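Asker: There's a structure below that I have some questions on.
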Ligand code: 6R9
């Protein structure tokens, strides 16, 4: 054990949180882990009966006969929207506020469970009227809104499989997802409001469909958000016209537990994003359970997850988990820096939020903003309502953790650093606030029943104190079921033969020798994490080289970045002589905008370097590890003897 580990600061759970917590104290945590260890299926079956309302109870728990295509609770039937809405109304929470919606301009709307149920039923009836049925795919390209949540719930209600596409993705990305999913409908809005600006959505849907390959789409349903000018075609329907005439009740479609609730596209290490397919029963169980235990959710809590519904965090911890628990939650349309960087703190104060769940990149940028403009510092707001803080999306560095703990949490709120992925459906490694002593920068221990471990390339366990590959040894209820339309890629990506049937997360990690706590060290594949958004390097490379007039070749790597975690650096060989000075700046800008158009603004490279060539081995392979060093501004200490063209390194090290 290193001496550094002895001096690690440890934050035990505050007594006030331990008392009455759903999982109270480490003994209770260990007891749950032991229960899962002793009878894995029995443990999950017990929770599935406690946390999910089934139409037809399941009798089978795990079916591993076609591994790794695992099935959970397969003979049970349920409806996810029934579990999130009707259940709460039936149990007497009809008048409880489900959603406090705050618009970009600060306007607040409250929606009760009864109202949310009625809205969902109306939209579900509307979708049925337009011919959407069980198993159909519906793409949702919506702003953060009550209607966005309702659209997802309405799909769940009629058994349609939704695929939400983040509103920042370009027409090209949207088109690719519509085509891959074979969507029969797109639900969108005229425009979205972010930071005081109107941004088009419907126009991008039109453009996406215009690019071709979207013949499956029969209807585009449009929510009127801003009233901005949009073009209209015969396939378009206004949402309000469609739903206003619908009855406010709608019989749910009872689906099998394995029925695909949603697809969510995410970046992998090859060019094409993959449609991660999730189930209904197992997914809902973990969404409900983790929301309750990880955030120690109580009936009076005001829960706020700042994610967008376009990401998995918004699915599990906005649309499904909090509602399935009958919680009151905040849904926010805008951005953290508008009208100023005190917006989050102001909203916590105003709505008396008790649980706040955000991303390290947001925290880091708000720290910077508070330094630049002290009036936006959280100390100017009353954040006394907060009980629990959460972090998600990327590793949180100890300095940001300490700031979050002290200045947002007033030193009294545990921070749950939750490690999980689009593919895992919900939290996998996370502290439980009433049990786990916290160590800044560590996501601590597996959620009870999740068999996380660190192994080497051959699947052998690595002793604590050493780094390795993060795996999950046993299937779990909310796991990815397949990649839509590509079961082979699913097997290859997540269950490589060398790993003995363990789920490969794609992250590197280590466990400390003293506590066995996990620390995530980052992706081990060609996936970058920029502001908590997953971006495949190959995806950005293909976007760059698709500019066939300018670009001959491109290689993309990540570089550590103080605010965004990682930054995208692109090395580009043009079809014309290598530009310098103003010309280089201008072309770099053009390429940045090109990437924004191809994928979305989140994929814009921060730094573009031009070279006459890229560093390659004699067999023609691009040496990315050298590019990573150059991007970081490091001296090249690696062996470059296999390099075909060593002189190129110096050229690429020059910034524009
Ligand atoms: C939920 C989500 C998944 C990747 C994952 C890892 C990184 C997420 C983290 C974390 C360290 C945490 N990641 N949470 N790394 N600590 N608490 O973000 O899903 O968008 O699929 O990204 O994000 O690298 O593999 P997704």
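Including glycine, each Cβ sits where the backbone N, Cα and C put it.
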Asker: Pick the one from 379, 489, 534 that TrEMBL also lists for the ATP site with 393, 394, 395, 417, 418, 419, 420, 421, 422, 507, 523.
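Answerer: Matched candidate out of 379, 489, 534, per TrEMBL for ATP with 393, 394, 395, 417, 418, 419, 420, 421, 422, 507, 523: 534.
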Asker: So what pLDDT does the domain 'AMP-binding enzyme C-terminal' (539-621) average out to?
Answerer: 93
Asker: What whole-number Å value do you get for the CA-CA distance of residue 197 (CoA binding site) and residue 545 (Mg(2+) binding site)?
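Answerer: About 31 Å separate the Cα atoms of these two residues.
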Asker: Can you check what DSSP calls residue 621 (N6-acetyllysine), collapsed to helix, strand or coil?
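Answerer: Its secondary structure by DSSP: coil.
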Asker: Would you pick out, from the binding-site residues 545, 551, the residue whose Cβ has the largest number of other Cβ atoms within 10 Å?
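Answerer: Answer returned by the neighbour count: 551.
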Asker: Which of the recorded positions 393, 422, 621 has its Cα nearest to the Cα of residue 194 (CoA binding site)?
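Answerer: In terms of Cα distance, residue 194 (CoA binding site) lies closest to 393.
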Asker: In whole Å, could you give the widest CA to CA gap in the ATP site formed by 393, 394, 395, 417, 418, 419, 420, 421, 422, 507, 523, 534?
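Answerer: It comes out at 18 Å between the most distant Cα atoms.
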Asker: Roughly how many Å lie between the Cα atoms of residue 621 (N6-acetyllysine) and residue 545 (Mg(2+) binding site), rounded to a whole value?
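Answerer: Residue 545 (Mg(2+) binding site) has its Cα 17 Å from the Cα of residue 621 (N6-acetyllysine).
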Asker: Checking proximity to ligand 1 here: which recorded positions out of 195, 196, 313, 393, 545, 621 have their Cβ closer than 6 Å to it?
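Answerer: Passing the 6 Å Cβ check against ligand 1: 313, 393.
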